[in-house]
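Colleague: Before I ask anything, let me first share the structure, which is written out below as structure tokens.
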Amino acid sequence: MAIRSSSSKRAIIPSSISLEKILKTRQNLSKFSPSIWNKSEAKSKTSDQESPQTLNLTHPTLRVLESCKHSLLEFNQVLAQLIVSGLLQHPLAASRAVKKLCSLPSLISHAVYLFNYLDQPDAFICNTIIRSYVNSNDPDGAIAFYYRKMVEIDVPPNHYTFPLLVKVCAELGSVREGGKAHARIVKLGFETDLFVRNAMIHMYGQFGSIGDTRKVFDASPESDSVTWNSMIDGYVKNGEVGKAREVFDEMPERDIVSWNSMIAGYVSVEDVSAAKELFDAMPFRDVVSWNSMIDGYARIGNVSAARGLFGRMHGRSTVSWNTMLALHARSKNYVECIRLFDRMIEGGEVKPNEATLVSVLTACANLGKLDMGKRIHSYIEADNRIELDVLLSSALLTMYAKCGAMDSAREVFLEMPERNTVSWNSMIRWYSMHGDSAKGLEMFMEMEKSGPTPNEVTFVCVLSACGHAGLVLEGWWYFDLMQRVYNIKPKVEHYGCMVDLLSRAGLIGDSVELTSDMTMGAGTTLWSALLSACRAHSNFKLGEILGKRLIALEPTDVGPYVLLSNIYAMQGKWDDVENVRKMIEEEGLHKSTGHSVVDPAGSNSSQSILEKGDIPKYRKSLVYSMLSEMGAQVKLSHRE
């Protein structure tokens, strides 16, 4: 097997057959082996070959090896020289060669291949390979190498081995492997080593085993700032902020990490006043300290306090800007979100990342700023640093959909790296919201064929699409399909969609009958839908009953008052209208003003492909499926 570079396609290490040939040939070579450097650079090559134990970094071969930067050809020549001269088996030469291979993540497997030819590999070489796996985000490869290579051939570990191994177990989230590593640490007597203890405290904190974390912490009086900070971090991550504060107060000497960990702990439980007290008491602060406090105020929705800290802050990071952008978006202060983003770009202090653009796209969607959304989309495509992940793709899709550009939304949907259930549900929902329920139901058909399994939310979107288009037959069909095929029990939301659908069609009696079949109590949403239907279809008697019931259930919701007032007005019962109006005033209720968002630049909405006379695909499928079931029922009846 030859190890090859992906770029040069040249062999880095000879195959096992070639290696044997080289070693056999070495026996017939004179003691002066071929050299790849100028003879003037070589210092007594003969003595170096005869006394390999005196090898050091000044040896010409190792100097050339160290100087290899990006030239794989040069590296191959040096490696071949090490093999032929027999220097490769020297611990120093072997470790430098393995380290050089591990400096490139793509060559880790080549380093392992070279490891297999070493007669006596040591802990340093093993640690180098394990660390390379860790740095390449391959904890599985690291743990496999440890057991299959290091443990199997009984390479003695050192005090650098176990911190690496414990870190791997923490990244894997494997409590079992962590326990095995702890057992070997105790067996080999490394449990009192400070670096090993610190790693184990961090590992058990990651596992949520805070009791074990404390046992390791208390196992030895020798501790440094990392030990204390790891214990604080363990308590914070497991929600025990009070315990973390006790450890913090006991610390003989605190550093910036200690203060920041405690502030982050208080922020995580939304105790911002305690966090602010620590923040004010800090001897010095860094960007993490400021970001934690801004995040704390953002969590409790205190925009003014967060803005005040942000304004006082020097050297803002991307996280600082993102926290403020997300806060404005979450507070529905979309105009300020856009302004802040413009300041961020104009200042050039930091560059936006995926989280930045998600917040800005949310603002664009709610303000109807299609042109700005398109510019951000172009920026994403032009910047290689931005990864169009599922979250950012969903934000783009929502922006286009809310702005009415469904063709662009569909393009984003088709180009998504991963189309999950949320993505499919969004497309179904937005098609129906824009009056194209047929396309929404066709999306559901595509989802059934090639997408993920529909869930409860999917059927809420589907039934809502039927409601928007007044598709009563289809609504009943999907309501039945949800239970019969996908084993999804209807919830209040599903009943609400069905009641809305039936009520819009004037089938108020069917709506009432459906709600009586509910296993759970009918919520205010259902009664509101029925009340609206009673008003629309002049069913005044039932409407009056429902209106009074709704007001009793939700006395602070102005909607039922308005609907009941309208029902009285339609009957000419002006005294009752005045009574309802007085009730609204006494409760201090106000009807929110309706509004619409319009892009001033205007946008051409995509024309529906459903021309007059066309039969939607979903309806054909529905009819064929119903005919098939009817045929099956006919056959069964004939047999009987």
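Cβ atoms are placed via backbone N, Cα and C, with glycine included.
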Colleague: According to TrEMBL, which of these ranges is region 'Disordered': 211-230, 571-590, 591-610?
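Modeller: Spelled out, TrEMBL records region 'Disordered' over residues 591-610, not the other listed ranges.
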Colleague: For the repeat 'PPR' (286-320), DSSP counts of helix, strand and coil?
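Modeller: Its residues divide into 26 helix, 0 strand, 9 coil.
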Colleague: Take every residue in the repeat 'PPR' (224-258), average their pLDDT values, and give the whole-number result.
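Modeller: That stretch averages a pLDDT of 94.
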